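Asker: Can you read through this structure? Questions will come right after.
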Amino acid sequence: MMPLIGNLSDKYGRKALLTIPLVFTIIPLAILAYSRSRNFFYLYYVFRTLTAIFCEGSVHCLALAYVADNVPAGRRASAFGILSGIGSAAFVCGNLSTRFLSTPSTFQVATAVAVVALAYMRFFLPDSVVVGDDDPLTAPIVSKGMPDGACPDDDSANKAHAFKKTPSLGDTVALLRSSLTFLQAAIVAFFGNLADVGLHASMMYYLKAQFHFNKNQFADLMVISGIAGTISQLLIMPLLAPVIGEARLLSIALFFNCVHMILYSVAWAAWVPYAAAMFSVLFVFAHPCMRTIVSEQVGSCDQGKAQGCISGICQLANVVSPLVFSPLTALFLSDSAPFHFPGFSIMCVGFASMIAFIQSVMMRVAPISDGRVSNCHTLA
């Protein structure tokens with residue numbers, strides 16, 4: 001669904017498409033805010049599964065496309081870093097709030113915050129209107145039959161072909177083949193997400209078995225990592241990105257991500273995971289840098305399509321990763337393990353991150369002009 005949502009946002013506006021996931025997010029939260037009995041939990045689970053079709057990752061995907069619409073290419077890495085930093089800050093605040101709220105209050109507050117987010121977006125967020133020069137580099141890559149530098153308008157001829165503009169598998173493949181850098185970024189996104197989700201799927205079981213961690217200690221790890229990542233993305237990344245470039249910063253982030261995963265796998269004391277969590281100061285740069293590189297490979301008319309394609313690849317990794325690493329974790333934490341290495345699955349997660357790192361080192365990002373914007377208008 002991510003490529004479809006991104007593509008539709010290119011045609012009908014970010015704001016219109018943002019409304020869908022923000023509305024659907026409220027429904028499952030409201031169910032548990034009302035009651036947490038067994039029947040209501042199953043009702044929540046059904047609605048959560050159905051709404052995830054449109055909600056899982058789509059808000060972040062559309063937010064990235066919105067930022068790309070309104071920020072020049074030269075400043076985009078810093079802007080994406082700030083956006084990710086704000087997301088990390090929200091993650092920290094959410095984790096901290098659950099320490100002080102009761103279970104019923106937690107879902108009631110979550111529902112209220114979701115309603116506030118929807119209201120703010122609808123009433124205060126202006127829709128994207130991109131106006132620029134006639135740079136031919138910004139013409140849509142996948143769309144066919146359009147003049148160079150022009151984007152689909154709302155005239156009758158384009159409306160007649162509206163259904164032909166919805167993305168197919170062939171369109172996604174064409175987008176990946178349109179630029180070697182874009183393809184390399186997609187590979188980095190897949191293996192990076194494969195590693196991140198694999199770590200999250202394995203780490204809690206591993207730390208509980210090795211060091212008897214409980215839920216409060218897991219929350220402490222997430223808060224430490226979140227605070228370090230928030231400060232880094234809000235303060236450090238805007239300073240580093242213009243100086244060393246997003247491609248080099250991506251490689252640095254993936255290298256330290258690999259190191260921190262391997263450190264988890266060989267942890268010899270209970271304090272080591274806390275030290276490894278501090279590496280988030282550096283590895284949080286990976287996602288915004290990768291998204292910046294992707295955004296610079298397409299014009300403004302294709303920002304939603306490109307970000308949606310990468311989000312779809314990340315979601316695919318989210319599915320594959322637990323299927324691979326959870327059984328591997330269970331095997332090496334059991335008495336029937338082939339050899340004694342409880343952290344072996346996390347070591348394998350680190351190897352997946354190493355593949356992403358190697359691919360990022362091989363990536364060659366062409367210099368992009370700061371004025372690279374297109375003359376397309378997002379349809380509201």
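From the backbone N, Cα and C atoms, a Cβ is placed for every residue, glycine too.
Sharing the features that TrEMBL gives for it:
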- 1-129: domain 'Major facilitator superfamily (MFS) profile' (DOMAIN)
- 16-35: transmembrane segment (TRANSMEM)
- 42-67: transmembrane segment (TRANSMEM)
- 79-98: transmembrane segment (TRANSMEM)
- 105-125: transmembrane segment (TRANSMEM)
- 182-206: transmembrane segment (TRANSMEM)
- 218-241: transmembrane segment (TRANSMEM)
- 261-285: transmembrane segment (TRANSMEM)
- 339-358: transmembrane segment (TRANSMEM)
Asker: Going by DSSP assignments with H, G and I as helix and E and B as strand, what are the residue counts for the domain 'Major facilitator superfamily (MFS) profile' (1-129)?
Answerer: 113 helix, 0 strand, 16 coil
Asker: Given a Cβ distance threshold of under 8 angstroms, which distant residues of the chain, six or more beyond its ends, lie next to the transmembrane segment (105-125)?
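Answerer: Residues packing against the transmembrane segment (105-125) from afar: 15, 18-19, 22-23, 25-26, 29-30, 32-33, 36, 97-98.
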Asker: Averaged over the domain 'Major facilitator superfamily (MFS) profile' (1-129), what pLDDT does the prediction give?
Answerer: 87
Asker: With a Cβ cut-off under 8 Å, give me the same-chain residues at least six positions beyond the ends of the transmembrane segment (182-206) that come close to it.
Answerer: 175-176, 213, 218, 250, 254, 257-258, 261, 264, 273, 286-287, 290, 293-294, 297-298, 306, 309-310, 313-314, 316-318, 320-322, 324-326, 328-330, 333, 342-343, 345-346, 348-350, 352-353, 355-356, 359-360, 362-363
